[in-house]
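Data block below; observations after.
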Amino acid sequence: MLTKTIQEEKKTPKDESIGSYWITTFGCQMNKADSERMAGTLEKMGYSRAIDELKADLVLYNTCTIRDSAQQKVYSFLGRQIKRKHSLPKLKLVVAGCLAQQEGESLLRRVPELDLIMGPQHVNNLENLLERVDSGNQVVATEETFISEDITNARRDSTICGWVNIIYGCNERCSYCVVPSVRGKEQSRYPKAIKSEIQTLAQNNYKEITLLGQNIDAYGRDLPVTTKEGRKENTLTDLLYFIHDVDGIRRIRFSTSHPKYFSKRLIKACYELDKVCEHFHIPFQSGNDEILRLMARGYTIDKYKKIIENIRSLMPNASITADAIVAFPGETEKQYQDTLRLISDVGFDQVMTAAYSPRPNTPAAIWNNQIAEEVKKERLKEINELVEATSRKRNQRYLNNTESVLIEGLNPKNSMQMMGRTRTNRLTFVEIPENIEFNYSFGDELNVKITEARSFSLSGQIYK
């Protein structure tokens, strides 16, 4: 018999829905977490979630601008809603996120049908902004502001795993990256507020949390408290120790890390704290020191390799994932080959790859040594083939092993399989036993014997 535990939906405080909403999210985990908070705000206001984007009374696009392709996708989606707006003037159109912050007033000139344009720093102010819209105003909220503490329960997409923002913005100035200009300066949340949110998640039967930040291991640099030794008291390492005792939470993850701040002390904490999962996402971006210098990344390949060595010395089976950019302006064939060599030498579990895309208001965008599009395509194809082969090889180490898998739901493509993730963040499909009574709840951790290993997922059977 299969039983399924689903968290009860919170009821809207309004007696009746004031309309339906639809949110489409583009981009990173930070955007997804922001969307969950905005959905919570809308439901607190009395909106209900629509079953169809083209029937919603309020449509919100939470946007990304890290690459041009993500930006163009937003304009394509907007085109469908603009046609609706002409026949349904009461339809509210909202563009939030990084594209909204980047374009600001110019986006309103390009798409005058928009009701609200709001940058990431204004996510927690959505209700007030919509009240201004209801008063007949078109609103552009992109001014830099202090991010108010979120007091609204997020409308979370998962009932098992929850995202928790701990630091907003980024103070780094990588020459290719638009994030600092669209998400603002670093603003760290105070540890007690973070722990309180995690405790609420635990009370609602969440089993795993992922701490989020654009530059997460820089957490606490802007907080005032220091130790007697002069060290910042509120670092990511300190936070991990502080939240580790929350009852009910079984797994803790964090992302995204910057190599410049990934310390031995942090690695030691991850080893000592048994709830912290053995999965580390540490972008390297390029395997060549000169390209890293031009990118203004602030570390060398030797330093990066030393970080991986330190992790694996304590946690030999840890999963290491990363980001890489190919065809950065001026990248020679030899420099590109250095990136391929690094992937082979380190043996990453997965690498998220992209060809360089010039972004507005970044130094690299105006350099005159841009790489031809054809070369970009060739390099991206080659690196993706290497990543797939490397990932497949790395995953073979799981074969015939028994892994702890946190069950998150059913496989949407096969109702006779559950799916979840190992502590090392490997997506795993688990066969539901036949001909025996088997009780489970989503959120259970099951021992699974791995029977098949592919490039980006595993399959297995319950092991008793």
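These residue numbers are counts, starting from 1, taken along the chain as shown.
Every residue, even glycine, has its Cβ placed from backbone N, Cα and C.
Note that the structure is a prediction, hence the values are computed from the model and not measured.
According to Swiss-Prot, the protein carries these features:
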- 19-135: domain 'MTTase N-terminal' (DOMAIN)
- Cys28, Cys64, Cys98: [4Fe-4S] cluster 1 binding site (BINDING)
- 156-393: domain 'Radical SAM core' (DOMAIN)
- Cys170, Cys174, Cys177: [4Fe-4S] cluster 2 binding site (BINDING)
- 396-464: domain 'TRAM' (DOMAIN)
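In the three-state DSSP scheme, Cys177 ([4Fe-4S] cluster 2 binding site) falls into the coil class. Sequence-ordered, the extra residues of this chain that approach the [4Fe-4S] cluster 1 site, with Cβ no more than 8 Å from the Cβ center of Cys28, Cys64, Cys98, are Phe26, Gly27, Met30, Asn31, Thr63, Thr65, Ile66, Ala70, Gly97, Leu99. Around the Cβ of Cys28 ([4Fe-4S] cluster 1 binding site), a 10 Å sphere holds 18 further Cβ atoms from the protein chains shown. Looking only at the domain 'MTTase N-terminal' (19-135), the predicted model's pLDDT averages out at 92.
Local packing around the Cβ, expressed as the count of other Cβ atoms within 10 angstroms, is greatest for Cys98 among the binding-site residues Cys64, Cys98, Cys170, Cys174, Cys177. Compute the center of the Cβ atoms of Cys170, Cys174, Cys177, which mark the site for [4Fe-4S] cluster 2; besides them, the chain residues with Cβ within 8 Å of that center are Glu172, Arg173, Tyr176, Val178, Val179, Pro180, Gln214, Asn215.
A separation of roughly 17 Å, to the nearest angstrom, links the Cα atoms of Cys174 ([4Fe-4S] cluster 2 binding site) and Cys98 ([4Fe-4S] cluster 1 binding site).
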